[in-house]
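Participant: Before I ask anything, here is the structure I am working with.
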Amino acid sequence: MSDLTLMLIKLAFLAVLWLFIIMAVGVIRTDLFGPATSKAKRGAARRSEPRRPKPAPQRGRRNEPRSLVVTKGPLAGTTLDLSSQPIIIGRAKDATLVITDDYASGRHARIFSDNGRWVVEDLGSTNGTYLGQNRLTRPQPLSVGQPIRIGKTVLELRK
Amino acid sequence: MSEALSTALPPVKRRNAELIMLLLAIAITLFAMIEAGLTRNDEMPAQLFLFGGLFGGLALLAHVFIRFFAPYADPLLLPLATLLNGLGIAMLWRLFEATGDTTNGSAQDQLILTAASMVGFAGIVFFLKEPRVLQRYPYIMALGAVILLLLPLIPGLGMTINGARQWVNLGVTSLQPSEFAKIALVTFLAGYMVTKRDVLSLVSKPVKIGPIKVLELPRMRDMAPMAVMWGFCIIVLVILMNDLGTSLLLFSTFLAMIYVATQRSSWIILGLSAFFGACTLLYPFVPHFRTRVVTWLDAFSPEVFCTDEIIANSTDAFCVTAGQNSQQLVQGLFALGEGGILGAGLGGGKPGHVPEVQNDFIFTAFGEELGLTGVMVMLMALALLAQRGMRIALASRELFIKMFASGISFLIAFQSFVVIGGVTRVIPMTGATIPFVAKGGSALLSSWIMLALLVRMSNNARKPAPVAIQDEGATQVITR
C-alpha cells in the first residue's frame, strides 16, 4: 500500500469522524430550532411573501385543539375559537373571557400557545386555577379534554 | 416561569435520526479497523466481518430495543456511546490483534464485555420504567455505595493492581466495584438533595467584612453531609486505598450536585478548600500520594523519569526509592506530540512505547495516531454526551430526575476530565478510565448503565403527558 493511499485513507477517516460530530450537532440543532429548511427554499419564500407570519406549524395534527369551551358555571356553553393569541380569563373588563364568578380574580389565568402546545398559567389568583384536581403552581401544558377549573367555572379545550 | 416552559423537549421520537447516526458510528468503527489493518499489515483485517457483524449487530439490536421500549429517548445517546465504544474496540484491535500480541488483553475480550454491557443496558431500560422509584431508597443506596467502595479492603477479596487497591477478585474475573459505587452514590445524592434542598439552599449565615457581605455560609449542622463525604473521600480513598481518581471524582460529583440543588457557590468554595486543604496537609505524610504529585510536577527530571543512567549509578534517586517513575506519563506526552495535528494514521504510530497503553493511556494512542483532529472528535463526543444529559435534566419535570440526570452527566464529563487531564499532565495522574473507550469490563458496564439511565430518563422527559381522565364533579381533592 503506497504512502499516498494511506495518507488519503487517514484524511478520509478524520473527515468521517468530523462528519459524525457535525451530524450530531445537526440533530441537536433540529431539537432547538425545528427542522432546517434549505437556503433556496427560504430565499424563495421570503421573496414571494415577505413578512407573512409563519403558518401554524402543527396544523392538521389530530390532537390540535380548535376551541376553548366553558362546560360548567354561569357561562356554560360559551365557546371561544383559538388563535395564536393568548387568552386571559378573569373578572377584569379587559380579559379575553370575562367570567362573572365571585371566586375568580381580575386577571385569573392565561391560556397560550407555546409552539403549537397549549399551556395554562395561573396569574397569581387568590383562589387558584385547577388543572384536573391539582392546583397550578407553574405553567402546565394542556391537552384536549382536560378540565381547567376557575372558581365555579370549568373550561376545556376541544378539537 | 416561561424559562421552565422553553426547556421542555418537544415530544418527537427521531428514531430514524438515531439509526442513521448509529450506522455511521458502526461504519467508523469498521473504517478504523480497516485503516489499521491496511497500515500495519498491508491487508484487510481477517476478523472484520466477525467484529462488524457482532458489534454492528449488537448496536442495532440496542437501537431496535430503544425503538420498542423507550421510543422518545434522546436520539444521540446511543450513537455517541457506540462511537466511543467502537473507537475503543478498534484501537484495542490495533494494539493487540494487529500486532499479533494478545498477552495484555484483546479486542475480542472487549467485544464480549461490550455485549455483556449492552445486555445490562437493555435490562435497565426494560425494567426501570420509572427511575424515580430509586428515590425511595437513598440511604440503602448510600450504604451500598460505601460497601462497594470498601469491598477491596477486605483481605483475600481485594486486589492491588498498579498500586491502587480498587479491585475485587471473584475467581473467574475481577471487578472494580468503585465504578458501580459512583452510580449508587449519585442515586443517593439525588434523593438526599431532593429532601434537603430547601434547608441546604435557604438557611445561611452571612459573613461580613465591614459592611460588605462577602459570602453566605451554611449553618454548621447543615455541613454534616459534606463533612462525612469529605472524611470518606480523604481517609478511606486517599489514605487507605490510594484511589485518588475515585476520591476526586466522588467528591466533585457531590459538590456539583449540591451546587445544582442549591445554586450556592459557597458550597463549592467550602468544599474545594476543604479538599485541597486536606490534600496539602496530607502531602508530607502519605507516601503514595506524594509519589503521584512528584511524578506529575517533576515528570521530566531524570531522577523521576528513571533513565538507565540513574538506575545504574544512583541508589537514592526518587524513582528507585519510591518504586515508581514517570515513564508512562512522559512517553504518553511524547506520543501526543508525535501525533501532531493529523496524527500518524491508525496503525502508523508506535503506541507500544507507553507502558500499559490499553488502560488509562489509550488516549495517548488516539492522540498519536489520529492527531489533534481525531482526539477533538473524541472530546466532542464526550462533551455532547454530557450535554445531552444536562439537557435531559433541564427538560425533566421532577426534581429527583433533574438531580439524577445532572449528576450522571457531570460524572461522565468529570471522569473524562480526570483521565485526560492526568494523561496530558494538567492534574496528577489518577486511576480512572475514559467512559466507554478504555479497556475494562467494570468501566464499560458502568458506562452503559449510566447510558441506560439517561435513555430512560430522556424517554420519560420527552414523552407527551398522558391525557387526564375526565373529572366529572369538580370536587376539590387535595392529594399529597
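Using the three backbone atoms N, Cα and C, a Cβ is placed for every residue, glycine included.
Bear in mind that TrEMBL entries carry predicted annotations, made automatically and left uncurated.
Got these off TrEMBL a minute ago, pasting:
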type	residues	note
TRANSMEM	B:19-36	transmembrane segment
TRANSMEM	B:48-69	transmembrane segment
TRANSMEM	B:76-96	transmembrane segment
TRANSMEM	B:111-128	transmembrane segment
TRANSMEM	B:140-161	transmembrane segment
TRANSMEM	B:227-260	transmembrane segment
TRANSMEM	B:267-286	transmembrane segment
TRANSMEM	B:370-387	transmembrane segment
TRANSMEM	B:399-424	transmembrane segment
TRANSMEM	B:436-455	transmembrane segment
Participant: Would the transmembrane segment (B:436-455) count as touching the transmembrane segment (B:76-96), if touching means at least three Cβ pairs under 8 Å and pairs must be 6 or more apart in sequence?
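Facilitator: The transmembrane segment (B:76-96) and the transmembrane segment (B:436-455): touching, yes.
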Participant: Restricting to CB pairs under 8 Å, which listed stretch, B:76-96, B:111-128, B:267-286, B:370-387, is in contact most with the transmembrane segment (B:48-69)?
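Facilitator: Between the candidates B:76-96, B:111-128, B:267-286, B:370-387, the best contact partner of the transmembrane segment (B:48-69) is B:111-128.
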Participant: Mark yes when the transmembrane segment (B:111-128) and the transmembrane segment (B:370-387) have three or more Cβ pairs under 8 Å (sequence separation 6 or more) and no when they do not.
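Facilitator: Contact between the transmembrane segment (B:370-387) and the transmembrane segment (B:111-128): absent.
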